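According to Swiss-Prot, the region 'Required for protein stability' annotation covers 1-16, on the basis of similarity to another entry. Residues annotated as FAD binding site in Swiss-Prot: 8-11, 37-38, T43, T45, 49-51, 163-164, T182, R283, 312-313, 315-317. Residues annotated as D-dopa binding site in Swiss-Prot, with similarity to another entry given as evidence: Q53, R283, G313. The D-serine binding site annotation in Swiss-Prot covers Y224, Y228, R283, G313. What Swiss-Prot lists as D-proline binding site is Y228, R283, G313.
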Amino acid sequence: MRVVVIGAGVIGLSTALCIHELYHSALQPLDMTIYADRFTPLTNTDVAAGLWQPYLSDPSNPQEADWSRQTFNHLLSHIHSPSAEKMGLALISGYNLFRKAVPDPSWKDTVLGFRKLTLRELDMFPGYSYGWFNTSLILDGRSYLQWLTKRLTERGVKLFQRKVESFDEVAGGGVDVIVNCTGVWASALQPDPLLQPGRGQIIKVDAPWVKHFIITHDPESGIYKSPYIIPGVFNGTVGGIFKRGDYPEGNASENHSCCQTGCSGPHWRTKDARIVGEWTGFRPVRPQIRLGREQLSAGPSKTEVIHNYGHGGYGLTIHWGCALEAAKLFGKILEEKKSSRMPPSHL
């Protein structure tokens, strides 16, 4: 069976690996190819802050909460393994801060040691009157993509740098299944009015003295628009920019100033941090993740397409659960193909 995965960010590579791990023994051979116009270190995943934390509000699709939980448990199972260092995986603790009381998040029992902040702790953060503390996971995107790539190539999966302009150009080569993990660019392959780019700009800093993540929340501003700093495995990430429908890739000076000013208070402790770099990326924003299948006609034959995109700014948080779901869809395709080849019963 021939399978093509389009996209080489965390969604594309993890989905490819999950499908290959679950079905390579049942399909001999399983010929899998990954096409992408950008590979690590040039993907959005490479510069993501990497903290496992879903949105505070419940997702409109309840399955998304399950996919995030599955991802946390999958990563946590690796935390004491020899692979953790190569994956760029570590435990991290920190604070979510608010100006007024808010309901507990649905993921409070997924993370470790979730609790409300004490008054003494809140004294460390002037201007904030409510908050949480918990231990979560941090995943360095670049290290993780390299780890996934190595596992895929060891399995014989082929990776090619190629910009796919349409499903037809891939399906025409005798491909049985296409897995669409193109993120914010999915509309170029098939129009999707629900998909929008959510432009973000972050600053990477060398601040080894910052040991805990600090994420502030302002419901009036919306998600991603409040200051945050997230220590990483190698460098910290300073941010707080989100512009929906904005495509320019260059760094904007006003956004740089916004990030720096927002994280300039005494509790941020980033004033003297050395700036390592600054990046702009696009979150594939959609009301719900598109994770489903459809059939496309390519001449006389039909090609199955599994869509897996629209993860917003939390692809690393939800990737493995989505990969498992995509693999289930792949399994259903196999069952249907097997049934269609069975001779009819004469009973």
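Heads up, the Cβ atoms here are built off N, Cα and C, so glycines get one too.
Keep in mind that what you see is a predicted model, and the values were worked out from it rather than measured.
Here the features listed in Swiss-Prot are painted onto the structure.
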residue	record	DSSP (3 states)
A8	FAD binding site	coil
T43	FAD binding site	coil
G50	FAD binding site	coil
V164	FAD binding site	coil
Y228	D-serine binding site	strand
R283	D-dopa binding site	strand
G312	FAD binding site	coil
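The separation of A8 (FAD binding site) from R283 (D-dopa binding site), Cα to Cα, is 15 Å. Among the binding-site residues listed (Q53, Y228, G313), G313 has its Cα nearest to the Cα of A8 (FAD binding site). Counting every protein chain shown, 24 other Cβ atoms lie within 10 Å of the Cβ of R283 (D-dopa binding site).
In the predicted structure, the region 'Required for protein stability' (1-16) carries a mean pLDDT of 98. Ranked by Cα separation from Y228 (D-serine binding site), the binding-site residues I11, Q53, G312 are led by Q53. Long-range Cβ neighbours of G312 (FAD binding site) (same chain, at least 6 residues apart, Cβ-Cβ under 8 Å): Y55, G198, R283, P284, V285, R286. In the structure shown, across all protein chains, A8 is the one of the binding-site residues A8, V164 with the greatest number of other Cβ atoms within 10 Å. Neighbour count (other Cβ atoms within 10 Å of the Cβ, all protein chains): 30 for I11 (FAD binding site).
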